[in-house]
Each structure stands twice: as C-alpha cells, then as structure tokens.
Amino acid sequence: MPQHTELVVLLDDDGETIGTAPKATVHTRDTALHLAFSCHVFDAEGRILVTRRAIGKLTWPGVWTNSFCGHPAPDEDMLEAVHRRAEQELGLTLESVELVLPDFRYRATDAAGVVENEICPVFRAVAATPVDPRPEEVGEYQWVDPEQLIPAVAHTPWAFSPWLTLQLPLLYPEHAAHAGLADAAAVPAA
C-alpha cells in the first residue's frame, strides 16, 4: 500500500501560492515560506490549552506551545484544516472557531538550526470534547489561565515556542505589556 505524502502550500512574499512541497522537505535550514495555522483552544472556564511538543518532533521538540498547529493541504479550506488537525493531534472536536490574527507571519530558527518560515493565521476555538492527544504529537498538556501563561512565557521564553511568544502580545496586549512580553511582538517576523 503506497504511503501518503503530506504536502504543504508554498508561498511568495506576498502570500500568493507558488506551489507545493512534501512537508518532510520544507522544515530544514533553508525552509521555504509556506502556509500554516495556529489554534488556541479554550475550555468552558476560559482556560487555554497549552501543549508540550513531543520529544520526537522535528521542530522545537519538548517545548510548550499553543494548543496545536498545522498545515492546510493544497486546496483544503483553512477551517476544515483546523478541525482536521484538532482531531488528528488532540482527539478533539472544536466549536466556535474564529480567525483572530489573519496576517500573523514569523520566521524562527531552533537550536538544531531548523527554520520555521510561515504565514500562519491564528484561530481561537472552544473545546467541545475532552482532550485525547496522540503521544507522537503531544508530550503533555495543561489547561491554564491566560493571565498565568503570559508571565510564564515572559520569564522563561526558551521553554515556549517562538510563535507562541510572538502571538501572545498580539492576543492579550494589556496583560503582555504588564508582564514585559509586549516587546516580543516588535521582533521582525521575517
């Protein structure tokens, strides 16, 4: 039985699609700009789900991050991709999915030299079912109050993904400024 190759959408600097490439080939030291997404999932009490990336992940293994991220397949609707990835990574059904940062873009290099270079719209959603993460994706998870997450990220940014440290000041500007995290949003994204 042939193995399925996951493709990502390659973009030019204006965000226009210029092609596709196998996901396994785009996260390198010369990562091409590509399309992704991030999602911040909340529970009924308003707590945010943070996940610790599995140690086996290629990029930023073992660091804490937002609820989940992913890449839409070519010609896949972005909302469908968010729902698909929530189920695949966290065994989670979402409701009230909302686009909150449509133009988020960043470029970052991890300790191994692997580069993330993404136009990465950010979504917010509410969990409709319990979390049941896949261990190859998520090492552990916690539901936390956003007001507690922000100072944790500000004091130990090395323990969190760079995209989360850049997204939080944009999502919670007042809390981030108070915690000293607001300056992270000023870091050039590309």
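Glycine too: its Cβ is placed from the backbone N, Cα and C atoms.
Secondary structure at His34 (Mn(2+) binding site), as computed by DSSP, is strand. Here the Cβ of His34 (Mn(2+) binding site) has 24 other Cβ atoms within 10 Å, regardless of which shown protein chain they belong to. The Mn(2+) binding site annotation in Swiss-Prot covers His27, His34, His71, Glu116, Glu118 and is backed by sequence analysis.
What Swiss-Prot records for 32-166 is domain 'Nudix hydrolase'.
The active site annotation in Swiss-Prot covers Cys69 (among others), and the record cites sequence analysis as its basis. Sequence-distant neighbours of Cys69 (active site) (same chain, six or more apart, CB under 8 Å from its CB) are Ala36, Phe37, Ser38, Cys39, Arg85, Cys120, Trp163, listed in sequence order.
Among the features that Swiss-Prot reports, Mg(2+) binding site is placed at Glu89, with the record citing sequence analysis. If you draw a 10 Å sphere around the CB of Glu89 (Mg(2+) binding site), it holds 21 other CB atoms from the protein chains shown.
Sequence annotations record features per position, and here Swiss-Prot assigns active site to Glu118 (among others) based on sequence analysis. For the recorded site, Glu118 (Mn(2+) binding site), the DSSP three-state label reads strand. Non-local neighbourhood of Glu118 (Mn(2+) binding site): Leu33, His34, Leu35, Ala36, Arg105, Tyr106, Arg107, Trp163, each in the same chain, at least six residues away, with C-beta under 8 Å from its C-beta.
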### Query
With the Mn(2+) site defined by His27, His34, His71, Glu116, Glu118, which remaining residues of that chain have Cβ atoms positioned within 8 Å of the Cβ centroid?
Val8, Val26, Thr31, Leu35, Ala36, Asn117, Cys120
### Query
In Å, rounded, how far does the Cα of Glu116 (Mn(2+) binding site) sit from the Cα of Glu89 (Mg(2+) binding site)?
19
### Query
In sequence order, which same-chain residues at least six apart have a C-beta under 8 angstroms from His27 (Mn(2+) binding site)?
Leu58, Thr59, Val114, Val115, Glu116
### Query
Any idea what the model's mean pLDDT is for the domain 'Nudix hydrolase' (32-166)?
95
